[in-house]
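Enquirer: Marked as domain 'Amidohydrolase 3' by TrEMBL: 61-93, 132-411. Here TrEMBL flags His78, His80, His247, Asp322 as Zn(2+) binding site. Here TrEMBL flags His78, His80, His247, Asp322 as Fe(3+) binding site. Taken from TrEMBL, the feature 4-imidazolone-5-propanoate binding site covers Arg87, Tyr150, His183, Glu250, Ser327. According to TrEMBL, the N-formimidoyl-L-glutamate binding site annotation covers Tyr150, Asn324, Gly326.
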Amino acid sequence: MQADLLITNIGQLLPMNKQGPVKGKEMNELEVIEGAAVSIKQGKIDWIGSVGEASVIEADQTIDAKGKLVTPGLVEAHTHLVFGGSREKEMALKQRGVPYLEILKQGGGILATVHATREASYEKLLQKALFHLDRMAMHGITTVEAKSGYGLDAETELKQLKVVKAAMEKHPLDIVSTFLGAHAIPPEYKDDPESFLTVMSDLFPQIKAENLAEFVDIFTETGVFTVDQSRRYLLKAKEYGFDVKIHADEIDPLGGTQLAAEVGAISGDHLAVATDEGIKQLAASETIGVILPGTSFYLGKDTYAPARKMIDQGAAVALSTDFNPGSSVTENLQLIMSIAALKLKLSPEEIWHAVTVNAASAIGRGEEAGSIVEGRKADVVIWDAPNYLYFPYHYGVNHAKTVIKNGAVLYERQAVR
Ligand SMILES: O=C(O)CC1=NCN=C1
Ligand SMILES: [Zn+2]
């Protein structure tokens, strides 16, 4: 049998081949293939088997995994990828305990990034986005969701979405676009959020026609948009054919989790202060909970999303960095895996489902990303790790050794000696 690339001597292979989204106790049932080999042809997974069976394969290129862990490329289901400037100056405020929503109220936070993004050129935004996508790829991520939301005016929101579209063409990672024009209320509409939401929803036809986003998202939060405003906005987005997402129950428990289930959102994101009623409705729905523990960590919160309860009650959970310039400034999804183990009490088996097949389902890529399945895209990572338990255990570093995207080696960690 011929192959373009053969990966052999795999210590543990995680195929992650359950049909996503994987819910409840099924998240804890992980298939692990010891002593495996995988062959790749024309960018797709061609064959999965044992090292012994691989001896009949004639490959143009062979990689000896040397007993290491091999998994699908990680799926990053929630990023604010395109932004101008940075907010390191706010770190001191956070350290003094100034609440996130207070910084926003004072015109900082998201609004500080809005100012910088409106000022930034299209070229500068694209260059920054490509830089962060490179770093995500180096950390084993092969598919990324990218939101707008730092323009809060038609021109700049479209500028951001066009940057995402250009990044899709220029960068090897697969990118999924989300319109988050309803991310905050800009100063010019501070007394009239309804009119602002109309300005943003008036963009739906153009965004749909120019295929600038697949999803519409909104920040349902105190001082931002109410549950009622969010419901009307998202139902309007669905009329235009968008799937919807919600930044829900991040700081105050307004009931955004329930709203996500009610409107049939593909995902409800954050859910850090989801109530028991919210968890119940999430678990009974098809909505995936995209949990962002790095944000709770970074904002110095004592409470984390009740993801343990969500899974125990049968919900599907995904994990993401929430990469953004203010509340979770990291591309390292592996670190989030460790925080999920330590703070959310998720098992390694649940965590691996949450950063692969469930994250893929949360961005509409459940059929093509987050799994190693014959016939599917060959997005594969060889990790400097002996087994899948090692991830939450050894935290804060990058374990990626070789990242393969569409069947070709995209990144190979350079040896120091
Ligand atoms: O603070 C930011 O820039 C990103 C964010 N939006 C809603 N929560 C966090
Ligand atoms: Zn976010």
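FYI, residue positions are counted from 1 along the chain as it appears here.
Note: Cβ is positioned from N, Cα and C throughout, glycine not excepted.
Please treat TrEMBL annotations as automatic predictions, because they have not gone through curation.
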Enquirer: Between the Cα atoms of Gly326 (N-formimidoyl-L-glutamate binding site) and His78 (Zn(2+) binding site), find the distance and write it as a whole number of Å.
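Expert: One finds 14 Å between the Cα atoms of these residues.
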Enquirer: Tally the residues of the domain 'Amidohydrolase 3' (61-93) by DSSP class, grouping H, G and I as helix, E and B as strand, and everything else as coil.
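Expert: For the domain 'Amidohydrolase 3' (61-93), the helix, strand and coil counts are 6 helix, 12 strand, 15 coil.
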Enquirer: Which chain neighbours of the N-formimidoyl-L-glutamate site, leaving out Tyr150, Asn324, Gly326, have a Cβ atom within 8 Å of the mean position of the site's Cβ atoms?
Expert: His80, Phe83, Arg87, Gly109, Ile110, Thr113, Gly149, Pro325, Ser327
Enquirer: Please give me the CB contact count at 10 A for Tyr150 (4-imidazolone-5-propanoate binding site), counting all chains in the structure.
Expert: 31
Enquirer: Go through the binding-site residues Tyr150, His183, Asp322, Gly326, Ser327 and pull out the ones with a Cβ less than 6 angstroms from some atom of ligand 2.
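Expert: So the answer is Asp322.
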Enquirer: Please name which of the binding-site residues listed here, His78, His80, His247, is nearest in space to Ser327 (4-imidazolone-5-propanoate binding site), Cα against Cα.
Expert: His80
Enquirer: Report the nearest neighbour of Glu250 (4-imidazolone-5-propanoate binding site) in space among the binding-site residues His78, His80, Asp322, Asn324, comparing Cα positions.
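Expert: Nearest candidate: Asp322.
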Enquirer: If you measure from the Cα of His80 (Zn(2+) binding site), which of the binding-site residues Arg87, Tyr150, His183, Asn324 is the nearest?
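Expert: Checking each of Arg87, Tyr150, His183, Asn324 against His80 (Zn(2+) binding site), the shortest Cα distance is to Asn324.
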Enquirer: Please check the binding-site residues His78, Arg87, Tyr150 against ligand 1 and give me the ones with CB under 6 A, sequence order.
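Expert: What lies within reach of ligand 1, judged by Cβ under 6 Å, is none of the binding-site residues.
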Enquirer: Whole-number answer please: how many Å between the C-alpha atoms of Tyr150 (4-imidazolone-5-propanoate binding site) and Asn324 (N-formimidoyl-L-glutamate binding site)?
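Expert: That separation, Cα to Cα, works out to 10 Å.
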Enquirer: Given the binding-site residues Arg87, His183, Asn324, find the one whose Cα is closest in space to the Cα of His78 (Zn(2+) binding site).
Expert: Asn324
